[in-house]
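Please read the structure below before turning to the comments.
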């Protein structure tokens, strides 16, 4: 079963800590290596996200019907979105030294996803967790605890900025209806 955190998740604001200079450098160095394979890494992240959290596909008319991970990997629309996600993350990571720029970029992302796409903000937390999983796997032998903590701080920073943008636009959590699946869904058929 897929578990998607509910409304309390948004109310519990993540503690967002600034990254130290050493943490910024550690994240940026690892990110540079990941971003060298931007499209493939982005696709791996999104495929895992959609396989593990299929309810997230409801926001993507172009590939919400896809079940097969290989079909997802080959989808030009998914690949294009993966590049957009990686590009936004790249802008954030490259500008970790500039909190105003980070805030501005994440506010734009949050507002677009709230107003235009109507994406529940909890999916940003879920996606950032998937990103951390992929990073940990890619760098299993080179991911010391202090670097893991830096990435966890980055995750909190992203989520807090995005949810702040949702609150700024007056986001109200969507109530499940005929087109929006409930928070808990069976992961397979009957």
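Cβ atoms here come from the backbone N, Cα and C positions, even for glycine.
Now, the feature entries from Swiss-Prot:
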- 81, 113: heme b binding site (BINDING)
- 38-83: disulfide bond (DISULFID)
- 18-167: domain 'Globin' (DOMAIN)
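Residue 38 (disulfide bond) sits 22 Å from residue 113 (heme b binding site), taking the Cα positions as reference. Rounded to the nearest whole angstrom, the C-alpha distance between residue 113 (heme b binding site) and residue 83 (disulfide bond) is 16. Averaged over the domain 'Globin' (18-167), the predicted model has a pLDDT of 95.
Cβ neighbours within 10 Å of residue 38 (disulfide bond), excluding its own Cβ and spanning all shown chains: 16.
Working note on the binding-site residues 81, 113: by count of other C-beta atoms within 10 Å of each C-beta, 113 ranks first. Secondary structure from DSSP puts residue 38 (disulfide bond) in a helix.
Every protein chain shown contributes to the tally, and the Cβ of residue 83 (disulfide bond) ends up with 14 other Cβ atoms within 10 Å.
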